[in-house]
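Encoded as structure tokens, the structure appears first; notes follow it.
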Amino acid sequence: MTAQEVRLCGLLLQEHFGNVVEKVGTHLIRSGVLNLRALAHETKLPLDLVKKSLCVLVQHGMCTFGAGRRGPAGPVEYRINCEHVFHMLRYPRYIYTAKSLYGDTGELIVEEILQRGQMTMSSTVKTVADRLTHNMPEGQSMDYSEVVSVFSQLVETHFLQRCPPLASAGSSSSGAVDTPLPVATQPTEPENHPDCYKLPYINLTGQGKRRRSSEDGEADQLRYYDCDDDCGDDGIYWQVNFQRFHLHFRDQAIISAVSCKLDQSSSEIVRTMLRMSEVTTPAHAAFTQALSANEIFRALLSSYNIARPILDQYLSLLVDDPMEFVGKTGDSGGGMYVVNLHRALANLARATLESVVQERFGSRSARIFRLLLRKRHLEQKQVEDFAMIPAKEAKDMLYKLLSENLVQLQEIPKTPDYAPSRTFYLYTVNQLPTARLLLQNCYKTVGNLIERRLYETKENKRLLEKSQRIEAILASLQATGAEAAQLTEVEEMITVPERQQLESLRHHINKLDSSENQVDETIFLLKSYINSTQASH
């Protein structure tokens, strides 16, 4: 873990769970693996608070535990899963994707499970149905069966999965310190469980209930958790399958790139190929499963209006394209085609690197960078000639890129003494190390954005609290049918300068949130490319 990754993990834990969980989580990241007593001693926190912090992290899948270095007879040791901590950056994106695919119901299901880490199906259905009913006009309500249907679709498409059952039950949190546990306390991957995507039968009929107040809502939530055993799914908890969402994001990035490079029809063909193989293709595969042209044609939606001869032409165009997003593996069935996932991610990462160089150093530096990516190794004189840039400017740009570690200099001596007059100096770009460097810069940028947002919120805490109180009063008055004059009087409790300050603050926060999401898209592309490269070697 680099310093920037540790810093970002700490900021995310602090923002979502508070200072105590952040202190425990950051210390675990730096220490690697610790047992409960050692963690409490080194953080100088009360044992009860450390236990609760670990419970929160385990509940959200950010902390794993198992037998320690002393074996089953020793205390249980805990380890932070930093990748799951980074997933908190994409929570808004997960929720928006669920909304775009499955509507408001899918959005609320994913939101509720992300907020709680794990939930039973019955609790999720009841909570979501109540929230939807609360936002409906008076006299309307959401039926449980409709929420169950959307929940089932999310499981069928693997966006939700069962939490793996513990190999050893019956050990309390206090016993976790001294009681010996088996080695396989916690399974590594949910997919290893045979019933990972098997829906339980739940005895649940009725409709959502309209909440009258926040206290009633909290009471209802507690009642729902207490009645899980009556619904038939006691002990069966569900979590968000982050890997499945990431595959969807990757596919959407590939489709968008094909659409920009060629046209909409080409992207719809690639979309169809990805959709046909989305569940059958392993997560880290370099290619999708081979599909025949006949299968692709039958799977294409009729609304695309792509005839069979046109499809063959588009497939030939995609195969011959220098980006190599689609490859041909055989001639049976009208031709066998695959989507080259690794090559697509490499091209997307390459385009990202070129874009960063262009934005930071200008179009001429980007021209030199692209030239080195294509030609691999060039001397300074060759760079000047190929890029058609004056020698002095080309030298300045190359040295600036070299100082930022975006370009590397390789020495090839003619003789063993490395004499400068008898040595070739070649400039080159190594895409993978450069992608790793840019990834660390992105982690630093996101950390800065989060710190700035937390600072802005803290500086205007009093004004934000006042605004929230007035909004709550207005909502209460509107619900009781208050007069317009009374509502206006309450609204005027916020002065004009305060209103302007609030608008300015919200504008800044929105810009910070938008920037954070854009940087996270870059992080996702670079991380996907790095993981794909490591898996292919």
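Going from the start of the chain as shown, residues are counted 1 onward.
Placed from the backbone N, Cα and C atoms, the Cβ positions cover glycine too.
Bear in mind that TrEMBL entries carry predicted annotations, made automatically and left uncurated.
Lifted from TrEMBL, the feature list:
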type	residues	note
DOMAIN	8-66	domain 'RNA polymerase III subunit RPC82-related helix-turn-helix'
DOMAIN	150-348	domain 'RNA polymerase III Rpc82 C -terminal'
DOMAIN	353-429	domain 'DNA-directed RNA polymerase III subunit RPC3 winged-helix'
Taking all residues of the domain 'DNA-directed RNA polymerase III subunit RPC3 winged-helix' (353-429) together, what is their mean pLDDT?
87
Could you give me three numbers for the domain 'RNA polymerase III subunit RPC82-related helix-turn-helix' (8-66), the DSSP helix, strand and coil residue counts?
44 helix, 7 strand, 8 coil
Kindly report the helix/strand/coil residue split of the domain 'DNA-directed RNA polymerase III subunit RPC3 winged-helix' (353-429) according to DSSP, in that order.
46 helix, 13 strand, 18 coil
